Structure formats: C-alpha cells, structure tokens
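A.B. asks: After the structure tokens below, expect a handful of questions from me.
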Amino acid sequence: MKQKTINLPNILTTIRILLVPIIIVLLLVDHYMNGLVFTNFSKFAWFISGAIFIIASLTDFLDGWIARKYNLVTNFGKFFDPIADKLLVNATLILFSSLGVLPIWMTVVLILRDTFIDFIRMILSSKGITLAAGMGGKLKTTFQMIGLSLLFFINLKIFGWSEWNWQNQLVLIPMYIATFFSIYSGVIYFLKAKSNLF
C-alpha cells in the first residue's frame with residue numbers, strides 16, 4: 001500500500017530542515033550585530049540556538065523510529081531524512097569553525113569522511129548492495145551530537161593557539177572522540193565495501 005507523503009515522520013524531517021536557518025541566523029546576528037539588536041543578546045542567541053539544535057537532533061531519532069515502528073516509510077523520507085541530517089550537522093560544524101568555536105581541521109575531517117561514505121553508498125546502491133553502518137558510526141553520531149550540543153551552551157573560543165588551554169580541550173573531548181570514531185568507522189566501512197567497489 002502506498003504511504004501518504006504527509007505523515008508524522010516526514011513532518012519531523014521538514015521541521016528539522018526549517019530549524020537549521022534559525023540557528024544560523026541567530027548566531028550570525030550575534031556575531032555581527034551583538035549590541036545593535038538589544039543588550040545581552042549573545043547569551044540568548046546561543047541558548048536558544050542550542051535548544052533548537054537539541055530539538056532538531058531529537059527529531060532525527062524520532063522520525064526514523066516512528067517511520068519504522070508504524071510502517072510509515074516513504075520515498076520522501078528516504079530522500080529528505082539524510083539531507084536534513086547532513087544539513088543540520090554540517091551547517092553547525094561550518095558555523096562553529098567560522099565563529100572560532102571548533103577547530104577547522106575537525107570540521108574538515110568530519111565532513112570529508114561523511115562525503116566519502118556517502119559516495120561509497122551511492123556506488124553500492126547502484127549495484128543493489130546495502131551496507132549498514134557499524135557501531136563505530138553510531139558512536140560517532142552520538143558523541144558528535146553531544147559535543148556540538150555542549151559547545152552551544154559553553155560558547156568558548158577554541159580555535160587558535162592563543163587560547164589553546166586545558167579548559168578548552170576538556171570541552172572538546174566529545175568532539176575528539178567523535179572525530180576518532182569518524183575516521184575509524186570510515187576505514188572499517190571502506191574495508192567492508194571495497195570488494196564490491198572495484
């Protein structure tokens with residue numbers, strides 16, 4: 001039976017996409033116009049953006065779970081759910097690095113790894129092969145969401161040798177772990193897939 005495009009999982013996916021620009025606008029307004037909007041806007045902007053990011057991250061879990069549990073999987077969801085995920089995470093990574101909150105090298109590694117894995121999945125999919133993500137990939141996603149959520153509320157300037165101190169590095173621990181599992185799971189995925197690639 002054909003599933004309706006308008007259902008709860010797809011609504012959650014759409015909400016996640018729509019929340020991303022709000023995060024971007026709030027933090028960019030804070031960065032470029034703080035003091036011109038109203039007093040103490042910075043704490044408000046980072047707190048609201050962090051809350052929105054957490055809500056958006058929860059919809060990432062909920063839409064997939066609801067779709068599978070209640071057989072509400074649609075072509076819309078299959079196409080837009082991963083796009084929404086990438087949009088949320090990659091936009092946040094790039095924004096944090098541009099604002100000096102996250103090391104640029106970390107953002108580059110995380111985005112390149114995901115792009116590499118997506119490319120492999122496209123090749124496998126064209127051959128009718130599906131290779132599920134391993135535990136390393138799931139741990140990477142978990143620590144990445146925890147790490148990014150923390151950075152919204154702590155709002156430390158991490159990138160730059162002048163501010164390279166143990167407090168900043170302590171805050172970055174979840175992101176270091178996420179980066180490790182990103183590389184590790186990427187290598188494992190490639191090794192599992194390589195026999196079907198060439």
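Keep in mind that glycine also has a Cβ here, set from the backbone N, Cα and C atoms.
What TrEMBL records for this protein is below:
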type     : residues : note
TRANSMEM : 12-32    : transmembrane segment
TRANSMEM : 44-67    : transmembrane segment
TRANSMEM : 87-112   : transmembrane segment
TRANSMEM : 145-164  : transmembrane segment
TRANSMEM : 170-191  : transmembrane segment
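Just tell me what is around each of these and how deep it sits.
C.D. replies: Long-range contacts of the transmembrane segment (44-67) within the same chain: residues 7-10, 12-13, 15-16, 19-20, 22-23, 26-27, 29-30, 34, 73-74, 77, 81, 84-85, 88, 92, 145, 148-149, 152-153, 155, each at least 6 residues beyond the stretch ends and with a Cβ under 8 Å from a Cβ of the stretch.
With a cut-off of 8 Å between Cβ atoms, the residues of this chain six or more beyond the transmembrane segment (170-191) that come close are 102-103, 106, 109-110, 113-114, 116-117, 120, 131, 133-134, 136-137, 139-141, 143-144, 146-148, 150-151, 154, 156, 158.
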A.B. asks: What same-chain residues lie close to the transmembrane segment (12-32): Cβ under 8 Å, and 6 or more beyond its ends?
C.D. replies: 41-42, 45-46, 48-49, 52-53, 55-56, 59-60, 62-63, 66, 76-77, 80-81, 83-85, 87-88, 91-92, 95, 99
